[in-house]
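Colleague: Among the features that TrEMBL reports, region 'Disordered' is placed at 22-62. According to TrEMBL, the feature compositional bias 'Low complexity' maps to 24-37. According to TrEMBL, the transmembrane segment annotation covers 83-100, 120-139, 222-240, 246-269, 281-299, 305-328.
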Amino acid sequence: MQDMVYIYPTRVKYRNPQAHLKASMGSPTTSNSMNSPTATFREKKDGPTFSHHEHHHPSGDRMHEADLQLTRIGRYRGLLQPYFAEFLGTMLLVIFGTGANCQVSLSSNQNVSSVPKGSYTSVGFGFAVGISLGVWVSAARSGGHINPAVTIASATFRKFSWRKVPGYVFSQLMGGIIGSALVYANYYHAINIYEGGSGVRTLLTAGNFGTYPLDYMTNASAFFSEFLGTALLVIIVFAATDPANAVPSAAIPILLFIVLLGIALCLGMETGFAVNPARDLGPRILTSIVGYGGAVYSFRNQYWLWGGVLAPILGGLTGAFFYDILFFDGGRFKHALYRTRSDGLIGRSAA
């Protein structure tokens, strides 16, 4: 094995030119010794030869990761993988969430469905399923933010690299656009029926994609609703990832399922609970592209900006601030809570 360098999956180069000769002459090696699976096959009349076994099972001969070398494509894949993960995770969130919106809303029209398919509770479960699956898919590669408010809060309070923030936010936004585009294509004909004609697009169905506060909500109350929901979301995210709480990583998607379902069922009626700029702005961009026009931006004096983007970001920062100042033993407030003793030990400040 020391004479070979494996280039995955099938090509082999030799450090020692004599290694090829030894292998071809059948000299005992790691891969053709009497203790190897290949030797067992050789004892059978119909068993595969060494070369046949090597060809069909390139990773079977105890190939070590230390012997593998990344290609240029492999290096690029590694660099871009976190951003692809954020894209995919956000896309899943938007597909399940806005898909639930469309099914519940459009099925209320008897020309679309003979009976309604779901209720507001279904919408809450749709978004809860979306966030849990989105985080589960992306967490190992990117941390599973799938929300610009979480990304910015993590960069501010958890030493997440600010250099990655633009790429993460762009990936999340694109996930929102593509996810809503797939849902729009899926419900295209139902939207035509609901709107009363092919190509007719109004705010009646735009609310299935972006968020629009109810008429009785003032601007201040709409802002506060999104601010509050996102603050609660980020508090739970920070609590779930706090080492002191010892939450298993496999349980975090379940916790996020619970918190988003709770936000939807308890606080979401008035504004549609965006609590995520990418979840609101991505679908809103999609609706403006497919025929809804500028009304999706001009609604409530650019609600998309102050209600769909700024309120969640500020709410997330506020939730992160309060969690850290009250509970977290590290981070930005460590020096405000602890001081170094004269003997070099770290102790709690008398103040």
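Keep in mind that glycine also has a Cβ here, set from the backbone N, Cα and C atoms.
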Colleague: Who are the chain neighbours of the transmembrane segment (83-100) in space, where the CB to CB distance is under 8 Å and they lie at least 6 residues beyond its ends?
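Modeller: Counting only partners 6 or more residues beyond its ends, the transmembrane segment (83-100) has Cβ contacts under 8 Å with 118, 122-123, 125-127, 129-131, 133-135, 137-138, 140-142, 144-147, 167-168, 170-176, 178-180, 182-183, 186-187, 208-209, 276, 278-279, 282-283.
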Colleague: Top stretch among 120-139, 222-240, 281-299, 305-328 for CB pairs under 8 A with the transmembrane segment (246-269)?
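Modeller: Counting Cβ pairs under 8 Å, the winner is 120-139.
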Colleague: List, by number or range, the same-chain residues at least 6 past the transmembrane segment (305-328) whose CB is under 8 A from its CB atoms?
Modeller: 147-150, 152-153, 156-157, 210-211, 213, 219, 222-224, 226-235, 238-239, 242, 244, 271, 274-277, 280-281, 284
